[in-house]
């Protein structure tokens with residue numbers, strides 16, 4: 001029997017809408033609880049250094065309210081390490097971060113920062129957090145993630161999704177080949193494989209069908225669809241698409 005693919009729902013952009021006007025609504029914690037009730041297997045939240053969407057108070061609320069796991073996305077800074085060690089979420093995902101970017105633009109350069117990252121993640125692992133690294137589908141980066149002691153990698157699917165959306169189908173197929181090959185390579189190393197960034201109903205199927213991928217994390221698209229369908233139905237439809245791809 002094929003293993004069920006886990007769906008992590010990123011609620012960052014509920015906070016984006018809230019912060020566009022200020023105040024307390026819509027509440028990302030309420031959205032996260034509703035997402036769990038609708039079938040999300042986990043919740044992802046990215047506390048950026050500039051606090052452009054998720055806030056420290058949101059993280060506290062999520063830790064108190066969630067029944068399932070929180071995947072805490074963070075840059076590799078001393079401040080974020082201290083916050084993670086205080087809250088001890090189920091998982092931390094180390095991501096690259098630039099203040100000028102709208103969203104995470106690429107994977108972490110693990111190979112270039114191997115020694116510092118190995119020392120950085122050690123206390124997180126010691127505290128009981130599962131450590132994930134958000135990286136491109138690149139063998140050199142995957143090998144480095146394995147060497148530093150990460151338990152999980154999340155493959156950046158943005159290039160694949162962009163090529164699909166823009167109708168560049170040869171490029172899309174090449175990006176899917178990379179994801180396919182590198183998911184298998186990482187699995188052979190003993191890494192747990194996740195995937196995310198830019199996934200939609202239209203393009204998630206081939207990624208979801210990869211047997212080594214255990215979890216996909218999807219945020220912006222689901223929150224956007226929730227405007228038209230409602231949050232619960234948007235998540236339920238994504239769950240249906242994932243299950244169909246996995247069958």
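The backbone N, Cα and C atoms fix where each Cβ goes, and this holds for glycine too.
Annotated 3-amino-2-oxopropyl phosphate binding site per TrEMBL: 10, 21, 198, 219, 220, in sequence order. The annotation 1-deoxy-D-xylulose 5-phosphate binding site is assigned in TrEMBL to 12, 13, 48, 53, 103. The feature active site, proton acceptor is assigned by TrEMBL to 46, 73. Annotation source TrEMBL lists site 'Transition state stabilizer' at 154. Annotation source TrEMBL lists active site, proton donor at 197.
Taking the features listed in TrEMBL, we show where each one sits on the structure.
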| residue | record | Cβ within 10 Å |
| --- | --- | --- |
| 10 | 3-amino-2-oxopropyl phosphate binding site | 26 |
| 46 | active site, proton acceptor | 23 |
| 48 | 1-deoxy-D-xylulose 5-phosphate binding site | 19 |
| 53 | 1-deoxy-D-xylulose 5-phosphate binding site | 21 |
| 73 | active site, proton acceptor | 26 |
| 154 | site 'Transition state stabilizer' | 31 |
| 197 | active site, proton donor | 26 |
| 198 | 3-amino-2-oxopropyl phosphate binding site | 20 |
| 219 | 3-amino-2-oxopropyl phosphate binding site | 24 |
| 220 | 3-amino-2-oxopropyl phosphate binding site | 16 |
**Site extent for 3-amino-2-oxopropyl phosphate, whole Å (max Cα pair distance, 10, 21, 198, 219, 220)** = 25
**Request:** Under 8 Å Cβ to Cβ from residue 21 (3-amino-2-oxopropyl phosphate binding site), same chain, six or more residues apart: give me those in sequence order, or none if nothing qualifies.
**Result:** none
**Complete:** Nearest to the residue listed as 'active site, proton donor' by C-alpha distance, among the binding-site residues 12, 48, 220, is 220
**Prompt:** Among the recorded positions listed here (10, 73, 154), which has the Cα closest to the Cα of residue 48 (1-deoxy-D-xylulose 5-phosphate binding site)?
**Reply:** 73
**Request:** Could you measure between residue 53 (1-deoxy-D-xylulose 5-phosphate binding site) and residue 198 (3-amino-2-oxopropyl phosphate binding site) for me? Cα positions, answer in whole angstrom.
**Result:** 18
**Request:** Reduce the DSSP letter at residue 46 (active site, proton acceptor) to three states and note it down.
**Result:** strand
**Other CB atoms within 10 A, centred on residue 13 (1-deoxy-D-xylulose 5-phosphate binding site)** = 22
**Asked** Counting across all protein chains shown, how many other Cβ atoms sit within 10 Å of the Cβ of residue 12 (1-deoxy-D-xylulose 5-phosphate binding site)?
**Response** 21
**Message:** Which one is it, among the recorded positions 46, 198, 219, 220, that lies nearest to residue 73 (active site, proton acceptor) by Cα separation?
**Reply:** 46
**Asked** Just the number: how many Å between the Cα atoms of residue 12 (1-deoxy-D-xylulose 5-phosphate binding site) and residue 198 (3-amino-2-oxopropyl phosphate binding site)?
**Response** 14
**Request:** Measuring CA to CA, name the entry from the recorded positions 154, 198, 220 that ends up nearest residue 13 (1-deoxy-D-xylulose 5-phosphate binding site).
**Result:** 220
